[in-house]
Amino acid sequence: MSSEANAVWNECLRVIEQHVPEQSFSTWFRPVNPVRLEGSTLTIQVPSQFFYEWLEDNYVNVLKLAIKSTLGPNGRLEYAVVVDKGNSQNQPYVVSYPQVGNTPLAKKPGAPEAKSPFDIPSINEEWLMQSNLNPNYTFNTYIEGDCNRLARSAGFAVATKPGITSFNPLMVYGGVGLGKTHLVQAIGNEIKNGPEDKFVLYVSSEKFVNQFMDSIKDGNVKSFTNFYMQVDVLIIDDIQFLAGKDRTQEMFFHIFNHLHQNKKQIILTSDCPPKDLKGLEERLLSRFKWGLTADLQMPDFETRVAIIRRKMQSEGIYIPDDVIEYLAYTVDTNVRELEGVMISLIAHASLNRVEIDLALAKTIMKNIVKDIENEVGIDFIQKTVSDYFDIKTEDLKAKTRKKEIVTARQVAMYFSKEFTNHSLKSIGYHFGGRDHSTVIHAVQTVNDLMETDTTFRNAVNDLKKKLKMRSY
Ligand SMILES: Nc1ncnc2c1ncn2[C@@H]1O[C@H](COP(=O)(O)OP(=O)(O)OP(=O)(O)O)[C@@H](O)[C@H]1O
C-alpha cells in the first residue's frame, strides 16, 4: 500500500465519517484498503464483489464528495476486488485489480448497471449541494403501519399541497431511530419531484445553528436570513437542538413568521412533543402548535417484518422467512437498530461467504443486542428451568400439555418477563411461537400459585437465586 494512497484515503474517511452512521462506517469503510494513487485516481481494495456493489448502491454520493474534496474536481475512484481463489473458503484470497469503468464488473442479476461514482447524474450532485435530500427516503420506501399512519398521511397531504393545508407547520416527533428524518425527507422529495418548481431545503438544527454562528462571525447575517426566507419548503430536523440557543431562536422566529405569512411550508421534527420541549421560547412553541403535531411509535411486529422484507428486496438479497421473523421479534427497540442488525448480517455473510440462516442471525444478535449480552437471556432461563424440573428444553417450546411441562413453561415465561427486556410477543415467540396472551396468563398463574402453594413458591425462589447468580 502506498503511503500517498493511505494519506488520501484517511482524508476521505474523515469526510465520510461525518455523513455515515457510526455502525455503517465501521462495517463498510473500515474493511477498505487503499491500494495505490496514480495521478488523481485512487484505487481502493474491497473484500468482495458484493461489497463493491453495496458501496456503489448505497454510498456513491458520499464517496464522490470525499474524493472530490480530497483530490479536487478531477479526482477518480477505482475499485480492486478481492477474489476467492478456487472458490474454496479455506483457500487464501488473492487480489485482482479490475478497473471500474474500463472492465465493468459482473453484476448481480437485475442490478442496475454498475457505475463509477463519477458518472452519476447531476440530480444527485444537486441534492448533496442544495436540498440536502437523500433520494432513497421516499414515501415508496417508507412502510406504513399503525405506528406512523397519521404522520404519514399528514405528510402526504402536505407533499401534495405544500403551504396551503392547515398542517403548517407540520411537526413530527418520536423517539430515536423511528423514521422522522425518513418521513420528512420523503415529503421533501415528493415536492421536489412534483410538477411545481419549489425550492425545498432540508437542514438539521445543528447545521442551522452553525451556519447562523458563522454568519455572525463573517458579518453576513443578512445573506443568511435572505437565503432562508427564499425557501418554499423548509424542513428542520431535530428542533430540540435549538434549546438554550437564544439568538438562533430569535432569528428562526423571524424566518418562521416570514415563511408562514407567505404560505411557505415549514416541517419540523423533534424527539418529544412541543409541550415537553425545554429551553425553547414560548412564542416559538405556540407557533409549532399552529399546524399539526403527529407522533411516530415503534412499528409493531408485522410492520417490522414488512420493513425488513422491503429492505432486503431492494438490495436483491434473499433471507429466509424464519430469519426475518426472528429479527423482527427480537429487535423491538427502533428501526435504525433493526437496520443495523440487517446490515451486519449481510456484511458477515458476504465477508465469510456463508448463507444467511437462523444460526448466523443468532450469532450476530448476540454481539449486538445489549440485553442478550448483558442480562440473563431467554435461552439461559429455558435451560436453567428445564434442568431444575428435569425436562428437556425443547419441551418448553413444544405443543405438549403435560401438567409438569406446562408448569415449567409458565415459570420460564414468568422469568423471561422478569429478567429480560423482551416484549410479551417476543417471549411468546421464543416459546414455540405462542401468543402474547399465553405469556400474560403464565405470569398471572405463577403469581397466583406463589400465593397459595408453599412448595411451588420455594421452587420459584430457588430458581430466582440461580438466575440472579448468572451474569452474562
Ligand atoms: N416506516 C419505515 N419504513 C422503512 N424504513 C424506515 C421506517 N421507519 C424508519 N425507517 C428507517 O430507519 C432508519 C432510521 O430512521 P430515521 O433516521 O428517519 O430516524 P429518526 O427518527 O430521524 O432518528 P433520530 O432520532 O436519530 O434522528 C432509516 O434508515 C429509515 O429509512
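Cβ from N, Cα, C; glycine included.
Bear in mind that the values here come from a model prediction, so they are computed numbers and not experimental data.
Annotation for Lys180 (ATP binding site): same-chain Cβ neighbours under 8 Å, separated by at least 6 residues, are Val172, Tyr173, Gly174, Asp237, Thr269, Leu296. Look at TrEMBL and you will find Gly177, Gly179, Lys180, Thr181 tagged as ATP binding site.
As annotated by TrEMBL, domain 'AAA+ ATPase' applies to 166-296.
Here TrEMBL flags 377-446 as domain 'Chromosomal replication initiator DnaA C-terminal'.
Annotated region 'Domain I, interacts with DnaA modulators' per TrEMBL: 1-103, in sequence order.
Per TrEMBL, the feature region 'Domain IV, binds dsDNA' maps to 350-472.
Excluding Gly177, Gly179, Lys180, Thr181 themselves, the residues of that chain whose CB lies within 8 A of the CB mean position for the ATP site are, in sequence, Gly174, Val176, Leu178, His182, Leu183, Thr269, Leu296, Val335, Arg336.
Broken down by DSSP into helix, strand and coil, the region 'Domain IV, binds dsDNA' (350-472) contains 92 helix, 0 strand, 31 coil.
Counting only same-chain residues at least 6 apart in sequence, those with a Cβ under 8 Å from the Cβ of Thr181 (ATP binding site) are Tyr137, Asp237, Thr269. Under the three-state DSSP scheme, Gly177 (ATP binding site) falls in the coil class. Here the domain 'AAA+ ATPase' (166-296) is broken down by DSSP into helix, strand and coil counts: 65 helix, 26 strand, 40 coil.
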